[in-house]
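Database features, via TrEMBL:
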- 44-63: transmembrane segment (TRANSMEM)
- 67-221: domain 'Sodium/calcium exchanger membrane region' (DOMAIN)
- 69-88: transmembrane segment (TRANSMEM)
- 100-119: transmembrane segment (TRANSMEM)
- 131-150: transmembrane segment (TRANSMEM)
- 162-187: transmembrane segment (TRANSMEM)
- 199-220: transmembrane segment (TRANSMEM)
- 257-279: transmembrane segment (TRANSMEM)
- 262-393: domain 'Sodium/calcium exchanger membrane region' (DOMAIN)
- 291-312: transmembrane segment (TRANSMEM)
- 324-350: transmembrane segment (TRANSMEM)
- 362-378: transmembrane segment (TRANSMEM)
Amino acid sequence: MSDVRGYGQQARQADWLEPAQLHLLRHFTWYPYRAMRTVLRSSYVNSLLVFVPVGLAAGALGWADQAVFLLNLLAIVPLAYWIALLLGDVAAQTGQVPAGLLKATLGNTVELAVGIIALRQGRIRIVQSTLVGSVLCYSLLVLGSSILFASYNVEKLVFDQLLTGIMSSLMIVVSIALIIPAIMSFTSSSESVTTDRDMLTMSHGTAIILFILFVVYLRFQHKTHACLFQNVPGDGSSGNSHDVAEDEPPAPTRRRLWAAGGILIASILSIFGCASYLIDSIDGSAKALHVSPAFLGLVLIPLAGNAAKYAALIAISRQRQIDVVIRTVIGTILHVTLLITPLLVLLGWILQQPMTLDFDSFVAIVFFTAIMVMIYLIQDGQTNYFEGAMLMGTTCGYCNAETLMQVTFLVCIRCYSTIDCFNRLWKVVAWCHVADQEDSNNNQEDQGGS
């Protein structure tokens with residue numbers, strides 16, 4: 001019985017993927033998901049569960065900010081994995097569109113939790129950095145490493161160009177819509193309240209449009225053009241139908257669904273608790289590391305929150321199922337940009353927080369160029385390991401650029417402080433010299449008068 005239960009859980013390893021993509025996977029071998037079960041359900045991930053109570057206790061007891069941040073950062077890794085694992089059991093019992101909506105929201109629980117908590121505290125830059133960091137990790141690091149592992153010993157990999165082109169076009173439209181407020185803020189010379197009000201109005205309008213576009217995208221994916229998501233070229237896809245049918249897992253029982261739902265709710269609440277202490281300790285940790293809090297939101301939080309998904313996609317890519325990887329990466333980026341981002345903007349509207357799409361100029365440039373680089377490399381329907389290495393190199397370049405900006409800022413602050421000290425010292429010396437001159441003149445006048 002335990003074997004059946006374990007095998008059913010194994011088959012749900014890919015349930016953060018789109019329903020149509022799961023249908024496609026049944027035309028392939030289930031070996032990648034057995035590999036994911038070996039990797040992700042092993043002691044490496046489960047051992048991190050010990051950090052969940054430790055991280056919550058550290059935050060409640062008021063430990064040092066660095067310890068609280070690190071412990072809760074490690075705690076969200078297994079929690080995010082178990083949410084993705086259990087979400088499949090729950091979403092499988094709903095319709096295609098509700099399942100897609102569930103996976104788009106709860107599949108990005110870390111971004112949603114960090115965004116909501118930071119938004120309630122008015123930490124707008126952290127919200128924006130976390131969202132952009134998630135997009136960067138998927139578009140550059142995850143896709144690049146997956147392509148590298150999938151094609152390191154082959155000349156090229158070929159994937160479906162039609163659907164990839166459609167989804168890439170949608171990403172271009174969304175990325176342009178997201179950076180228009182930042183461009184408007186950058187080119188505006190006014191700092192008046194009217195400009196801020198206009199920025200809020202534009203951001204709210206853009207969020208509503210993106211949310212409507214997400215609803216249309218769900219209908220396009222699951223209703224009107226579902227056939228596009230069910231046609232993937234692959235090697236030997238038609239020869240294993242009998243084997244695949246034998247390997248498909250049994251449907252979950254009602255008791256297991258209730259258990260999955262309960263554990264799912266507990267995991268979500270735990271992520272919100274860890275995210276709360278994570279945000280509370282981010283300032284002290286950033287000060288200790290000599291970086292900005294936005295940098296931690298741009299790099300570390302997205303990496304930890306999606307680490308299990310990254311490992312799973314790399315496991316799939318090693319079986320050369322690059323179509324599934326590319327569509328999953330693009331689908332996740334669209335979920336973040338079409339649903340999570342506008343949802344947080346509208347939530348800020350409700351909470352009376354100035355949550356806008358006015359990203360920092362560096363973050364906006366990084367976001368747009370990352371999307372453009374990814375689309376340019378996959379637009380021809382084929383790829384190789386060198387393109388994967390370029391994507392990973394672009395990630396390192398962006399991180400180094402951000403680090404260089406932080407170091408430059410610190411050096412400038414320290415240089416300014418040193419120069420300011422010299423200026424103050426020079427003013428004191430000059431004042432003393434002037435005082436001595438005045439005393440000398442007064443003495444001479446007194447002597448002349450006598």
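Glycine is no exception: its Cβ is also placed from the backbone N, Cα and C atoms.
No curator has checked TrEMBL annotations; they are predicted automatically.
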**Request:** Go through 44-63, 100-119, 131-150, 199-220, 291-312 and flag the stretch with the largest number of C-beta pairs under 8 Å relative to the transmembrane segment (69-88).
**Result:** 44-63
**Prompt:** In the same chain, which residue numbers or ranges, 6 or more beyond the ends of the transmembrane segment (100-119), come under 8 angstroms Cβ to Cβ?
**Reply:** 15-16, 18-19, 76, 80, 83-84, 87, 90-91, 94, 126-127, 130-131, 134, 214, 218, 221-222, 264, 268, 271-272, 275-276, 278-279, 297, 301-302, 304-306, 332, 335-336, 339-340, 343-344, 347-348, 351, 353, 355
**Message:** Check for me, if you would, whether the transmembrane segment (131-150) reaches the transmembrane segment (291-312) - at least 3 Cβ pairs under 8 Å, residues 6 or more apart in sequence.
**Reply:** yes
**Fill in**
What DSSP reports for the domain 'Sodium/calcium exchanger membrane region' (262-393) is 106 helix, 2 strand, 24 coil
